[in-house]
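Residues or ranges marked as domain 'Methyltransferase type 11' by TrEMBL: 41-141.
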């Protein structure tokens with residue numbers, strides 16, 4: 001049976017508890033957002049982090065492949081009286097351009113949503129991120145790291161490595177590229193100013209939602225500056 005990404009992510013979001021807390025990564029990064037920013041959240045699912053940004057006075061474009069998740073995000077925003085500050089768009093990041101105009105947003109944010117695509121597509125995604133950022137805008141992107149030994153051990157139990165850094169879990173592609181690979185792709189994408197570094201997120205009670213049940217995960221963080 002052909003893998004259906006919309007069904008996969010609809011099912012995944014349906015299974016997860018709806019009362020999850022805002023990620024510590026979102027709380028940490030929001031401190032660096034200009035006040036009253038226009039934010040694009042790539043792959044933000046049911047909008048837990050997006051709604052936190054709304055609470056902080058920002059406006060948000062939430063892009064995700066799951067129509068179920070986007071409806072949930074909108075319902076949450078509407079319930080708080082913030083529906084007019086959230087725009088949702090159903091987007092498949094594996095193909096095409098983002099449905100946003102050039103130089104639109106102050107911030108692009110993405111937490112654990114972009115380690116599903118091969119390097120040639122990541123080049124296009126980074127180009128798109130750079131395109132939609134305003135001059136002076138920033139992107140904060142977190143992806144899973146091949147240097148997290150526990151997480152990699154859990155991944156290898158459920159997915160087959162089809163080529164270096166690329167895994168297949170029943171049709172769902174997952175990638176674990178190195179910092180060097182990301183730096184190379186960013187340069188090829190025409191991104192002029194960026195930083196690629198290690199980043200640790202601690203979960204506390206939220207570890208129950210992590211497949212490996214880890215207390216913390218090591219990420220690669222990619223920060224892009226539009227100059």
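Quick reminder: no glycine exception, Cβ is built from N, Cα and C everywhere.
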Residue counts (helix, strand, coil, in that order) that DSSP gives for the domain 'Methyltransferase type 11' (41-141): 38 helix, 29 strand, 34 coil
Per-residue pLDDT averaged over the domain 'Methyltransferase type 11' (41-141), given as an integer: 99
